[in-house]
Amino acid sequence: MSGYPYGNSIGGGAMQYSQAQVPQQRPGTIMSSPFQGMAEGAPKTTQFAAQGQGVGQNQSHPPSGGFYGANAASTTGDNYLQSQNRARPGMLIPTGMGQQVQSQAQTPAQAQIQAPNQAVYYNSNPISKDAGAVPTIGGLSMSEIQQLNAPSYFVRPTVSKVPSSASLKQKAHIPVGLVFQPLASPPPGYPEVPTVSFGSSGVLVRCKPCRTYINPFVRWEAGGRRWICNMCGYSNETLSFYYCGLDDQGRRTDRFERPELSVGSTEFIASGEYMVRPPQPPVYFIVLDVSMPAVSSGLVETVCSAVKAAILSDSIPGGGRALMGIITYDSFIHFYDLNSNLSQPHMLVVSDLNDLFLPLSDGVLVNIADSTEQIVSLLDNLPNLWRNNRVSENCMGSAIKAAYMSIRHIGGKVLLFSSGAPTVGDQTIKLNREQVKSSGKDAKDVDREVELLKPENDGYSNFVHALVRAYISVDLFMCTSQSYVDLPTISPIVKKTSGDLTYIFGFNSYLHGQKLREDIFSTLTRNSAWEACIRFRVSRGWKISNWYGNFYFSGVDLLLAPNCHRDQAFSIAIDMDENVTVAPDPFVYIQAALLHTNSDGERRIRVHTVALPVTQNYADLVSSMDVQATVSIICQNAMELSLKSKLLDGRNYLQTICSQIILPQSNQIIEAAKQLPLYILGVLKCPAFRDYKEIAQSDFRIYHWIRLSSLRLESQMILFYPRMFCLSSWNLQQQEADQSLVLPPALNLTAERMTQADAYLLEDGESMYIWLGRAIPTSFIQQVFGVATLDQLHPDYAETVIGSTGDKLGVKVAGLINNIREQRKPPFMKLYTIRQGDPLENKFFLSLIEDKTQGFMLSYSDFLNKVLPRSNPNMLQRYPGN
């Protein structure tokens, strides 16, 4: 190890440390963990799962109305509209465009398949369907039970009525499960989750044998002196401090004064028995690549400016408790002493990657409030310090170990930035892995395709154990120009530590800098749950059959999430437990609990509980389906199957399950199921399942798989069915009474809805596209972009001039873009401006899922023919006509 001065500071020369100054624990050793104490100690704490955010959900839906099939082969480039060979009355048909044709006919059954409406999903609870004549709980009406359930922006069951038998479940083929978003932000006008404290008693009211938390669905007996657990049926004695009398209907008279008895989502203040150490402060540890590729792409400067902006905004949670540390790396690892007593930071270099150690006893991790001056000074100077760096090697694997050593005593969030795969030090990557020849001849080797989606070795996977036990979560920002970095091998440090993955291929700070800055700012400023764990509970007669999301699975049912946040979702699937022989309960109860430390240093337990009635009727079951939650669980199953078997099996499963749900509805397609085929087609055409010409897309596919694993439901749906608007026909006079922006009507995702004389905006939750037809009036170009002609518009600079002229249309377009970005973020959606015929045009047309598209050459009508085959005339006759 050699010491180097930072800037003009003093501190050069080798530095020596006594054994007492250097942490004794070496990388890879396992520390004692509060997770272990929580899982094994007396307070068998809870867990929870998250659901996709219900708020604004249907804004991601396709518009209502008919759908049009595409009957021409898909092409790319400026011939795409012509190749779709469809025109409609009033549509401009430039020379060479195809003749007008009739839309492909649909069967009566297919005609019933509809898109969801455009209404915003603001239901306060997941049981939004007519419950029918079902038993009640403790004298409560069905409407009261609905109001007691956890709100839909936290919990979205796939069905609001649960099948009473295995045979009924098998007939419907609908996966029974839930999508949870435990820390979701309530919609405007909705209350925050109430906090419950049991005061000086320090005792949480829980079921003695199954550890279920008290909730609105327990029943009371013996005048309130005992309560019956809704999960296991055990009769618990009411603790003296919690006793209250009952009314004439057997309900506690103080139930409306106690949130835990009157609402389905509450947050308990945890007592000392739920802690094995003082609550963790928010910790952000920046690990930044400063190699030549990172410097030349602008990554270093972009990261430094984003972190600085977050610090100076005073928006980082935790106030005076938040801590931060910064290390950089190329072929060596550079530590920075940020002690508040220093006038300037000092840099210390560790060059021996085979024997990593901490060169500082303190000063690497500092209080942000105390060392703001030193941190900002370092961030200001890092770009200049490394501007002439000619080292291209990357020791990312060693750098993440150095970060672990720096914060393992406390835990926290590591923000890892890299410009490529690690080439030196620990856990290097073989960059020629994808170049190994396939065993196939003319066709792609499907076995090798799946092999490349799995880690080449277990190095990063094994390191996850140490990270999780130290409460460390990793967010990886891979901003690279390398064609291959082997994300399948690296990604376990993200997925299994409840982290997030950002993958920007071809990163350039001018093109992608704003996106990266916004995403970093969101990561540093959003409220998070620290040192967290999750447990789901389901009532007797049922069991949890699968868990989905980014987490570390521990023991039988404990999910460890060192750090999770408001935008993350978790899911479960439940099934009947054939080993339980009890009288059937008229309701199925599911409770999810998240034990965590909030950014203010308070140990909390957030609990979400739902009660779902049981039905014996097939029509009631299918009618209660939440198609969005169902599609989410189906997608998770398809990804899991693809990784275990092959991608073709995952794609076949998607089509098969769609047919199995739709076809048994022999008399008519129930309203709830009419949206299913379109969403499933969107899953098949999304980047996670789209077929590629080459195998060398494993990085891209695994990025989307990891993203989908924890993506909130609203964002999943907009990815499966993006929104498209026509900008050039926007009614500028229309506005709400409060002067708020009125969105243009959403269009079906087909080129049939497009003309070459119009401009269209499309958004999929990750990116935005403006497509400009070659015949668009110059007045539109002038009003929106401030240039005279389309040819004068440079796509890379287009966004910077939208609305610059002050024209009303340009200002409204800029406002629309900002409005959608605010609604969707994170992530921040980069805008691509595409002129008809530009090379990037294919990116736009890949999102028109109702047409034939590259990677899945079926139009929507073609897909309907597969899931509702014409070859079954008897069934089709039983469907009513249009």
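Cβ coordinates are placed from backbone N, Cα and C, and glycine is handled just like the others.
The compositional bias 'Polar residues' annotation in TrEMBL covers 17-35 (among others).
Among the features that TrEMBL reports, compositional bias 'Polar residues' is placed at 44-62 (among others).
Under the heading compositional bias 'Polar residues', TrEMBL lists 72-86 (among others).
Marked as compositional bias 'Low complexity' by TrEMBL: 99-110.
The feature domain 'Zinc finger Sec23/Sec24-type' is assigned by TrEMBL to 205-242. Below 8 angstroms of C-beta separation, residues 44-46, 137-138, 145, 148, 198, 250-252, 255, 260-264, 268, 537-540, 582, 587, 589, 591, 593, 605, 607, 609, 611 of the same chain, each at least six residues beyond the ends of the domain 'Zinc finger Sec23/Sec24-type' (205-242), sit close to that stretch.
TrEMBL lists 529-615 with the feature domain 'Sec23/Sec24 beta-sandwich'.
Across all of the domain 'Sec23/Sec24 helical' (626-716), the predicted model scores a mean pLDDT of 90. Marked as domain 'Sec23/Sec24 helical' by TrEMBL: 626-716.
The domain 'Gelsolin-like' annotation in TrEMBL covers 742-796.
The annotation region 'Disordered' is assigned in TrEMBL to 17-110.
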Secondary structure content, the domain 'Sec23/Sec24 helical' (626-716) (per DSSP, counts of residues): 64 helix, 1 strand, 26 coil
Mind tallying the domain 'Gelsolin-like' (742-796) by DSSP state, helix then strand then coil? 16 helix, 12 strand, 27 coil
